[in-house]
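According to TrEMBL, the protein has these features:
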ACT_SITE  Cys373  active site, nucleophile
BINDING   Cys251, Ala252, Gly253, Pro254, Gly255, Gly256, Lys257, Glu276, Asp303, Asp320  S-adenosyl-L-methionine binding site
DOMAIN    140-437  domain 'SAM-dependent MTase RsmB/NOP-type'
Amino acid sequence: MLRCVRVEGAYTNLVLPAAIARAGLEGRDAAFVTELASGTIRRQGTYDAILGACIDRPLRKVEVGVLDALRLGCHQLLGMRVAPHAAISTTVDLVHARQGKGAAGFANAVLRKVASRDLDAWRDVVAPAIGGDRDTRMTALSVRHSHPRWVVDLLDQAVPDGEVEELLAADNVPPRVTLAARPGLADRSELPGTPTPFSPYGTVLEGGDPAAVPAVAEGRAGVQDEGSQLVAHALAAAPLTGTDDLWIDLCAGPGGKAALLAALAAQRGARLAAVELHPHRARLVARALEPLGDRPYGVVAADGARPPFRAGRADRVLVDAPCTGLGALRRRPEARWRRGPDDLVTLVLLQRRLLGSAIDLVRPGGVVLYATCSPVHAETRDVVRSVLGARADVTLEDVRPLLPGVTGADGPVEGTAQLWPHRHGTDAMFLALLRRSR
Ligand SMILES: C[S@@+](CC[C@H](N)C(=O)[O-])C[C@H]1O[C@@H](n2cnc3c(N)ncnc32)[C@H](O)[C@@H]1O
């Protein structure tokens, strides 16, 4: 499983449930394996620093299969409170079966050293109590909270001074499952869990399998972060005069926001057109929209930067832009290790093109909501500023009043909003509302 994620670029959230089903695991066993695999991947940065302190050669010289097993052992010992003898013996047995006797002896010696301290004590050894100059502090935070250093730097720029550690810590806590009732198809009162604090559609589950909830199984509700629900809500709630017939979701795959938007549009007699570049993801959107039955919607596999619609035709457009995803690290254990700072350059160019295209699509007086699941300034503030600077036919409006009950969400440009895991319990969604001038 770790090899699959590390070498083949698989997504933990996708391969893990399949692996658990293949192994016939359920209940507590399934939960244990989920935490073991996701937590090991999430905390790899900290565990590698600890293993580095226990091994007298560079980690890159340790056979990767052995290293993966040692990371699993670290997480059992330091992150899951598994009894040391059980954590060590199961890991050593695994290494013995896969790599032989010599490697098993090595793993045994390393894990005994790891077991000599708890996680807090190890953090003080490998990333001593935070102090010193900025560079030293950021490096220590990167190791303590298992985020690549370049990610810590970008997140530190995006939060107020002194707040980044809270954000990094929140990124390491897997979120509880949040459901969204699709208006007209389900009411949130029929969903299990407690109502979400901000979104009028959601509930937060205490536990259990969301797929077993009838409304979810029937596609009348879906699993969706509360921040994503608020994005769809804000676009639908933006005041509009004149026509309100055609809504477009320009980057729709896999279709969570499209499903909520289509339901909201249908309630007002409007229709949703969903655009997605990749055909396989467009098929996921179509599947997400199927439960709407014959309510009006359409899905098209196309480039949102050159969409197959007449300019000035739409009333509301969502650009939920492809981004680094650095605001959704809680739910994607491997995401922080996948991207590099170079990705930003191409993403930002695409984000600007997509936002420009959305403005072309919307009629005078219509609205565009630009959203990212990233708080990184290059993808949020700078994209909005550059498009506002380049176009005289669009103005920025205050999106914050469209987020019911949300406070402490001022974005980096006046009128924009930035949600945070450590403040709002949502993914770090950014929202900017633009209106095409008449
Ligand atoms: C952040 S995700 C959207 C998530 C989606 N709104 C949801 O709630 O499920 C961005 C999506 O944009 C798609 N995408 C990337 N480049 C695109 C382009 N040029 N035109 C349209 N879609 C694109 C990606 O494949 C990805 O599915």
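Including glycine, each Cβ sits where the backbone N, Cα and C put it.
A map of TrEMBL features onto the structure.
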{"residue": "Cys251", "record": "S-adenosyl-L-methionine binding site", "CB count, 10 Å": "23"}
{"residue": "Gly253", "record": "S-adenosyl-L-methionine binding site", "CB count, 10 Å": "24"}
{"residue": "Gly255", "record": "S-adenosyl-L-methionine binding site", "CB count, 10 Å": "25"}
{"residue": "Lys257", "record": "S-adenosyl-L-methionine binding site", "CB count, 10 Å": "28"}
{"residue": "Asp303", "record": "S-adenosyl-L-methionine binding site", "CB count, 10 Å": "15"}
{"residue": "Cys373", "record": "active site, nucleophile", "CB count, 10 Å": "27"}
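In this record, S-adenosyl-L-methionine is bound by Cys251, Ala252, Gly253, Pro254, Gly255, Gly256, Lys257, Glu276, Asp303, Asp320; the longest C-alpha to C-alpha distance in that set is 19 Å.
Secondary structure at Lys257 (S-adenosyl-L-methionine binding site), as computed by DSSP, is helix. Across the domain 'SAM-dependent MTase RsmB/NOP-type' (140-437), the model assigns an average pLDDT of 97. Secondary structure at Asp303 (S-adenosyl-L-methionine binding site), as computed by DSSP, is coil. Rounded to a whole number, the distance between the Cα atoms of Cys373 (active site, nucleophile) and Asp303 (S-adenosyl-L-methionine binding site) is 20 Å. Rounded to a whole number, the distance between the Cα atoms of Cys373 (active site, nucleophile) and Cys251 (S-adenosyl-L-methionine binding site) is 13 Å. Of the recorded residues, Gly255 (S-adenosyl-L-methionine binding site) and Cys373 (active site, nucleophile) place their C-alpha atoms 15 Å from one another. The two recorded residues, Cys373 (active site, nucleophile) and Gly253 (S-adenosyl-L-methionine binding site), have Cα atoms 14 Å apart.
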